[in-house]
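Listed features, source TrEMBL:
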DOMAIN    B:48-235  domain 'Dihydroorotase catalytic'
BINDING   B:His57, B:His59, B:Asp151, B:Asp304  Zn(2+) 1 binding site
BINDING   B:His59, B:Leu60, B:Arg61, B:Asn91, B:Asn277, B:His308, B:Phe322, B:Gly323  substrate binding site
BINDING   B:Asp151, B:His178, B:His231  Zn(2+) 2 binding site
ACT_SITE  B:Asp304  active site
Amino acid sequence: MAPVPAQPEAPPGATPEPGRVVLDARDIARALTRISHEILERNKGAGDLVLLGIPSRGVPLAERIAERIASVEGYDVPTGSLDVTMYRDDLRLKPARALLHTEIPEEGIDGSTVVLVDDVLFSGRTIRAALDALNDLGRPRAVRLAVLVDRGHRELPIRADFVGKNLPTSLVERVKVTLAGIDDVDAVTIHGEPGTPGAPAGERP
Amino acid sequence: MSTSYLVKNVSVLGGEPTDLLLRDGVVAEVGAGLEADDAEVVDATGLVALPGLVDLHTHLREPGREDAETVESGTQAAALGGFTAVHAMANTEPVADTAGVVEQVWRLGREAGHCDVYPVGAVTVGLQGERLAELGAMADSAARVRVFSDDGKCVSDAVLMRRALEYVKAFDGVVAQHAQEPRLTEGAQMNEGELSGRLGLTGWPAVAEEAVIARDCLLAEHVGSRLHVCHVSTAGSVQIVREAKARGVDVTAEACPHHLILTDELAATYDPIYKVNPPLRTRADVEALRAGLADGTIDVVATDHAPHPHEDKDCEWAAAAFGMLGLETALSIVQETMVDAGLLDWAGVAERMSYAPARIGRVADHGQPLEVGAPANVVLYDPSVRRTVDPAQSASLSRNTPYRGMELPGRVVATFLRGRPTVLAGALV
Amino acid sequence: MKRHLLSAADLSRDDAELVLQTAAELRSLADRPIKKLPALRGRTVVNLFFEDSTRTRISFEAAAKRLSADVINFSAKGSSLSKGESLKDTALTLEAMGADAVVVRHGASGAPHRLAHSGWVRSSVVNAGDGTHEHPTQALLDAFTLSRHLGRGKAGSLDGRRVAIVGDVLHSRVARSNALLLATLGAEVTLVAPPTLLPVGVDSWPVETSYDLDAVIPKADAVMMLRVQRERMNGGFFPTPREYSRRYGLDGRRMATLQDHTIVMHPGPMVRGMEISADVADSDRSVIVEQVTNGVAVRMAVLYLLLGGAQPGGEE
């Protein structure tokens, strides 16, 4: 049995299939800078912040946000990763998936403001799982959500506090985020738009 | 009012088609184009006629384990397998170690009427290996016992074995030894080898069998007795018997059908249907047994038909009983492994499965060539068909055949016991 | 992964590494305030122990409970098992209870295999030690412990590491499973024992063998001592416990010949003074206590991978 990736994106290093580029590297950089400032603004500084990326691509996004905050505030925000595999509501629908890395900063999350960072917000189910996972780790003062792309089609009452780009999509389309470090380049592409050949069936994250 | 049977166009021992007239319990006429108005005609075109098979090694389980097999059911299975005589092993409850028990088994066989039952007497009281049973009383009984065996257990005490070999000379008996050195096989579960080590099942070394056979050959030579070796299972045993025969020792040996076809690899399933004593051995042993059977080192194919109730096999390996069914599949296995492989012709099959076992067991009415005047013990066998073994169709009360679902060649079409059919058209009469 | 874990031979290198990597993630759970994950909520795990083994049973019980499974313990003492109820009848009872996984310890080699393949139960079967056959989760936890101390790169790789397994290999299910698994993970395994305690056919195993402990241990990266069971001492496998101890025991003098990084392991329970001296068992090199902690994480990983997904396991 090969481990089943917890995220629907292509495996690391795969050649990106052609698709329409929605955000290029510079767009992504600008979006992350803006999100970083918004977080600081909303939080009134970097104090008591904890950034937790949701693997795999939420983690480098969280790290990049942390770098930006550090350059602005001169303060290293505790950053970690939070795997939500075991909390997913569709765990039983597929063969057992490999776990991804969870790393909670030593300070813990009690009393802090946790910002969850993910690449794409879609149904909201991953974030629901993340909230459950957080609940077993401690009691943050507040939990916020930062995403690079919000593609809509929510199935749960969940919304993002910080959004890189709102991207209206249809259910049959697929949004793909690639990030240097995991993938070759920084890009957000959209695949299987109606009318393009080989449009894949809509896949829920 | 006995019916006569005219068997038409049958190939006796694989020879040119001819006719056999079975009348008044004997083979009355042999030759092409026979006619007999009063006889029932059996069209045997394409069938091979063999003398009725004789099994030197059958467990009928009665008395004591009538849940596993009875004389009635076991002899039905025998008839369906082409046997007209079986030797019923002594490890019943009570043990067949007195004239009373052997006569009971003999009588049950006569009443059942599917084949002749020759009880085997125990060598030692209660198979305990401590003192001789009343061998003479069993020999003199109505059962006229000539084969003595503690089968299931080895007569491991050298002095006791020597005395038994000597004692049975008085009535031309033979000791059939279950060769298994007990200390070397304590807790043993399967053939000792790479596989037993890997499976964590206690090994049953070939030497535990070979050491006893070698000793017994020397003992038999020393006291000038005849010895029969039960269920030879290893290449080394074949070689020991071959060398003893070459030296002139009066030793005979048998091999079981399952040891001619199955190997220890099957133990990897942990399915105790493959658990048997002696255990299934390696491919090299199988080849050596076939070669030994072909060159006459091994005199006899004996089934070691060993019925066990379902619950004794439907469990973990170590808790399961040893043994497998054999009567209804023996001839097919011999065809598959020996005849079709070109190692033995049908005359050879008659020798190994009828003449030789009858000779060893001193059974006068069986194991004679199908010639005029011979007892009409005949099996008609169709070697051209193939069948899939279905345990549910067995006449045995037990279902522990290791050949479930296997496709085997050949089918017994009819069996005649002294001119009377016990099986016709493949079914019990 | 296959649907059952019956033998270390069931695990490909990918499978074994997946278990160990999963265990590595799960081990951090021990440091969290809430030591529980919801992955097996609603699943039922039965611990079916025909042999006494409190350590292994507790380890599996903790593993299942930390994954939120319901756990039913069914052990020989005080139950129908000791009164001769058959393996089959017990299995049918468990099936009726709706077990999703059966963790079985049995004195007969192959009993878990029988449980898995006889059609008596539909659940996944995990071998928790059968006769003198195998104990695959013990091997996994040993491999996990080894890779934490000696690992190169990703969790699970033991390429080129030398492991000596010393003692009663013949009767040891731990040795069988470890020989297979550690070789799968790239380690060079040497079995060290008197000739009477090495199985027939061991030359076909993916290991080296030696009768000389002193020659082997200076090159070893890890030394795993096997328990010598009391009943073997009078079985004629070796003359006296004292002679055994002198030739195959790990004492302070032998420990001094080990390399600095070499660790000492024991699957437990130990016979101190027999195969291992007290000063060795309690030394810095000993990872024996850590093996117990790792056992829970490894068993969680196995249960999660067998039961966490769509079907219990899902046949390959």
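A Cβ is built for glycine as well, from the same backbone N, Cα and C atoms used for every other residue.
Positions of TrEMBL features highlighted on the structure.
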{"residue": "B:Leu60", "record": "substrate binding site", "CB count, 10 Å": "31"}
{"residue": "B:Arg61", "record": "substrate binding site", "CB count, 10 Å": "28"}
{"residue": "B:Asn91", "record": "substrate binding site", "CB count, 10 Å": "23"}
{"residue": "B:Asp151", "record": "Zn(2+) 1 binding site", "CB count, 10 Å": "26"}
{"residue": "B:His231", "record": "Zn(2+) 2 binding site", "CB count, 10 Å": "25"}
{"residue": "B:Asn277", "record": "substrate binding site", "CB count, 10 Å": "19"}
{"residue": "B:Asp304", "record": "Zn(2+) 1 binding site", "CB count, 10 Å": "30"}
{"residue": "B:His308", "record": "substrate binding site", "CB count, 10 Å": "25"}
{"residue": "B:Phe322", "record": "substrate binding site", "CB count, 10 Å": "16"}
{"residue": "B:Gly323", "record": "substrate binding site", "CB count, 10 Å": "23"}
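Of the candidate binding-site residues, B:His57, B:Asp151, B:His231, B:Asp304, the one lying closest to B:Asn91 (substrate binding site) when CA atoms are compared is B:Asp151.
B:His178 (Zn(2+) 2 binding site) sits 11 Å from B:Asp304 (Zn(2+) 1 binding site), taking the Cα positions as reference.
Sequence-distant neighbours of B:His59 (Zn(2+) 1 binding site): residues of the same chain at least 6 apart with a C-beta under 8 Å from its C-beta are B:Glu69, B:Gly74, B:Ala88, B:Met89, B:Asn91, B:Asp304, B:His305, B:Ala306, B:Pro307, B:Gly323.
Considering only the binding-site residues B:Asn277, B:His308, B:Phe322, no residue lies within 10 A of B:His57 (Zn(2+) 1 binding site) on a C-alpha to C-alpha basis. Among the residues the record lists as binding substrate, namely B:His59, B:Leu60, B:Arg61, B:Asn91, B:Asn277, B:His308, B:Phe322, B:Gly323, the two farthest apart have Cα atoms separated by 16 Å.
Taking CA atoms as the reference points, B:Leu60 (substrate binding site) and B:Asp151 (Zn(2+) 1 binding site) are 13 Å apart. Across the domain 'Dihydroorotase catalytic' (B:48-235), mean pLDDT in this model comes to 97. For the binding-site residues B:His57, B:His178, the largest tally of other C-beta atoms within 10 A is found at B:His57. Put simply, B:His231 (Zn(2+) 2 binding site) is 9 Å from B:Asn277 (substrate binding site) when counted between their Cα atoms. In the three-state DSSP reading, B:His178 (Zn(2+) 2 binding site) counts as coil.
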